[in-house]
């Protein structure tokens, strides 16, 4: 049979170049001159199977295993041997049909690498596979001249190893060693457990006394807790009721303020308008008075002229009088012309003033319209912001019902290291809002804490109060070195649609930057979904990518998108609420400023309109006066012409008088009209004065009412603060002392107290004193006694289990000993049947027998070999010659191969001490045994070579470098002769 199929070597000793030897026959001879490296095959086999002794490997150090170099070949950096075995008959302890084992070592390292079928392995695994096949140290599977000497000279106990390999009980021996080791460990453990049990009994007795005291402490403390919590909850609810009353009073007063303050502002604005109107009416009265004076002046002039005409009519004019009259008329015409020029200049100025006023009025109206539009827009924005405020309050209230993180923040005074939800610390531009919120997801509501201890404490608080679960971000334990590789960043920067990394667009305090980096430093922002897909492909789908619209491409290529209702976090709502409140305040301030500006503009506009009306009245008066003067001048000119060109005409004088009377009638009518207007205007002024007085009285009343409401509001707010402090103190005490929320306390401890308030507080003080008098309490004793008892029970069970294990292991050892003893003894009996036959064949007679040194203890007994060559009676093997010693060892080996064949035997010049006749017997018996065993024989003897199926030659064509080649048998004599001559 062929067990070793292939031998491959590289860099091992003299094998500088890689060589491969395929074994196809069961009896192969390896021949060659001394020093050619043929025995390196044996060293290689030992080395692969784990031989560590440098002496047995014919070396001084591990580096001696590696080719040292020659004149033509450099030194190798490593040595490598690989052996391939046929395991189709399952001779090895492995199920694979072919087993390849390899060992490799590097120069200078001293560390070996082992492989089984190219897979990394350990020496222990290799040794386990090759157990009981005769290739281990001390076995007859590898025999050299040194092995023969060892076999003969070895102590009986050392020689036993050979027979154990042959019997196959090595596996039992190893199993027994394992069981014995396990038994020893179990016995040690049993002793240790016994010591622990005794200590636990003492501890249990001590803890029992401590636990009884602790339980009494707990009973008193629980009574104190129940009573104090009931009192605190009752006081809290009472304070809450009073607080609600004050809040109602505050809301009512503020509501009244909202009603009365606008009324006061309206009245004050109305007074301004009424005063403006009164001033306008007063100015109009002055203008009418002036106009009335002008009418009276005109009437006087007309009456004077009438007197003149009347005189003319009664007396007539003489020529002398006419000349004097003409001169007087001429002078009068010049005076009237001067007066006319003055009125025309005033008229021109009045027209200019009216034009300027109309322009200013139009500009003022435009400003008023703009202000009104701004007020309308501001009002619309204010309505929107107030609606948004309502929505935010509703969302905030809804979120607070389930936001456990908020509860922890609210109760931060009862805990340590609680900061706030992550969202409250982050700021980012509106452009990236959807992307960053999508990237953060639920983590925006995670609770930031200082360290792991704070998180653990908060979790205990949540569990105790049955609140729910919260995810924590401990600042001292987050990994902040996560980032996109530089290589990928360079690629991303060159691609369209890349807008950066999320963490770069978030602003926060440096304290929270590690948290931001952990969550966002590997999340990319893309312009749109197409860009995101492209970026993902270029980065091998290693990163998560979010778009500006909130779509996501996950690592691995999964895409998420579509409409999504925003899930606002508490932090985000708080920020939005703050912005909303600021916007409302700003808009309300704007509204007040705009209304104030509008009132001022309207007052100015009224003033301008009054000025315009006044100028228009003046203009009308100037026009009317100009017409009158022109008419007088015309009449005077006509009269002058009559005086200078004609004599006195009585008829014309009469006509002039009639015309004067008509003018007087018109003037008197105008006088009456102005007097009527003055009367109406006076009545208007009286009415306005009355209205102003009534409004001022109402303002006084409203201010008094507001002062009264303000005083009530101050009192209510003081009461509110007082009860808020009471509520806060109670809440803080319940949080800090009892580690529970107020809501939980109300839900579980709102119970009636049968004692009065004073009695309840006295009992609380008494219970507290009772607790203080108990001294030091080991509260953990209750839990410890339970744990100790459990541990005692567990260890006692372990002790009993160990006792049972000891019995089982002892039983297993007995069974292993029986099986191993039987199998070993059967081998010895079979050997004693075969050994005499083999011995007689090799020696040509004589006797040989194997005996126990201690027959009563087969498992540990040494093995003696008693050999008597023909004609000799030898008491000690050391007395045999070298050839006889070799034959004895070979007799035992070949007998073992007949009884329990080894799959592979290596003989390294084992027959060198034999004479030719014995060499021939040696070769014949190997040939017979090769049917069941593969032999590798390193030999110089021709008799051995002739029986081999195949010969492998080893030679050094280059000094220091071994080459191998197949040698035909007809050439074997040539090599042998050359070797013998050497």
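Cβ atoms are placed via backbone N, Cα and C, with glycine included.
Copied over from Swiss-Prot:
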- 33, 34, 35, 36, 37, 38, 39, 40: ATP binding site (BINDING)
- 171-231: coiled coil (COILED)
- 280-310: coiled coil (COILED)
- 337-377: coiled coil (COILED)
- 575-718: coiled coil (COILED)
- 753-822: coiled coil (COILED)
- 416-535: domain 'SMC hinge' (DOMAIN)
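The recorded stretches the coiled coil (575-718) and the coiled coil (171-231) do not share 3+ CB pairs below 8 A when only pairs 6 or more apart in sequence are counted, and are therefore not in contact.
Of the listed binding-site residues 34, 39, the Cβ environment within 10 Å is emptiest of other Cβ atoms at 34. Of all the binding-site residues listed (33, 35, 37), 37 sits in the most crowded Cβ setting, with the most other Cβ atoms within 10 Å. For residue 38 (ATP binding site), the same-chain residues lying six or more positions away in sequence with a CB closer than 8 A to its CB are 30, 31, 32, 938, 954, 962. Classification of residue 40 (ATP binding site) by DSSP places it within a helix. Highest local Cβ density among the binding-site residues 36, 40 belongs to 40, counted as other Cβ atoms within 10 Å over all protein chains shown. Taken together, the residues in the coiled coil (171-231) have a mean pLDDT of 84 on the 0 to 100 scale.
Through the fold, the coiled coil (280-310) approaches residues 606, 610, 613-614, 617-618, 621, 625, 628, 653, 656-657, 660-661, 663-664, 667-668, 670-671, 674-675, 677-678, 681-682, 684-685, 688 of its own chain, all at least 6 residues removed from its boundaries and within a Cβ separation under 8 Å.
Residue counts of the domain 'SMC hinge' (416-535) by helix, strand and coil are 63 helix, 20 strand, 37 coil (DSSP-based).
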